[in-house]
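> Dropping the structure in here first, questions after.
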Amino acid sequence: MGLLTPNSLPLLDVQHLTDEQTALAVERLNLFYGDKQVLHDISFCVPKHRVTALIGPSGCGKSTLLRCFNRMNDLLDNCHFDGEIRLGDEIITDKTTDVAALRRRVGMVFQRPNPFPKSIYENVVYGLRLQGVRDRRVLDEAVERSLRAAALWHEVKDRLRENAFRLSSGQQQRLVIARAIAIEPEVLLLDEPTSALDPISTLTIEELITTLKQQYTVVLVTHNMQQAARVSDYTAFIHQGRLVEYNNTDALFTSPYQRQTEDYITGRYG
């Protein structure tokens, strides 16, 4: 048996993952906003059922990279890319990709909680209703399952018909996570999910992230290096649109290979 992470998952060699170990594979990805290139020749693999953190200075391209995984950048008229991203056996950067179907497989949670102006219940089942699910028993089971997975069930089980805006910001963010996982995606993208929350809510979300990987592959963008160290199994350091270093989190933070990485994590710049 190899080395174990704090929650007893074997460390993988992320430079040589097998297909069975890989959730997302990025190969020579370049992305442009108009004539400006913002991602440069990025290649790496995201392991299944682990938390992978993307860190780097503001404007380095980490959120842009994250949005490539569910093609959110397609919503920008001047954005184009080349290279390849695979989700399992499917090339998701192909022009024929069904983007709506992709976003059912790759859920996303943003920086600020964005519940819909609906009840707690209707927030959770929103995606299922879009898929045509009407069976009340199926919907009820999905609500309980998702809210339990988001560590919110016991706080709201008697308030499901209340407007979601009556929840605290931390509860709203967990509700948004529940909404994302209700449709049972394979991958969950988290774009600075705690940056707008207080310390107690942040801790709750961090604890949640470490449990979510039992069912999902999690990719996390964070400006908080301490958070990356606490919750992620693997970390990629992005600088000026380039992947500088990618390794298991403990190794990257304690024994970085690249001087740029060391300078960033020790606060010399960024």
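Cβ coordinates come from backbone N, Cα and C, glycine included.
Sharing the features that Swiss-Prot gives for it:
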- 24-265: domain 'ABC transporter' (DOMAIN)
- G56, P57, S58, G59, C60, G61, K62, S63: ATP binding site (BINDING)
> Can you count the other CB atoms that lie within 10 A of the CB of K62 (ATP binding site)?
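By my count, 27.
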> What's the most sparsely packed of the binding-site residues S58, S63, counting other C-beta atoms within 10 A?
S58
> Long-range same-chain neighbours of C60 (ATP binding site), Cβ under 8 Å, sequence gap at least 6?
I238, H239, Q240, G241
> Return the residue, from the listed binding-site residues G56, P57, G59, G61, with the maximum count of other C-beta atoms within 10 angstroms of its C-beta.
G56
> Quick one: which residues besides G56, P57, S58, G59, C60, G61, K62, S63 have a Cβ within 8 Å of the ATP site's Cβ centroid, in sequence order?
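Close Cβ neighbours, site residues excluded: T64, I238, H239.
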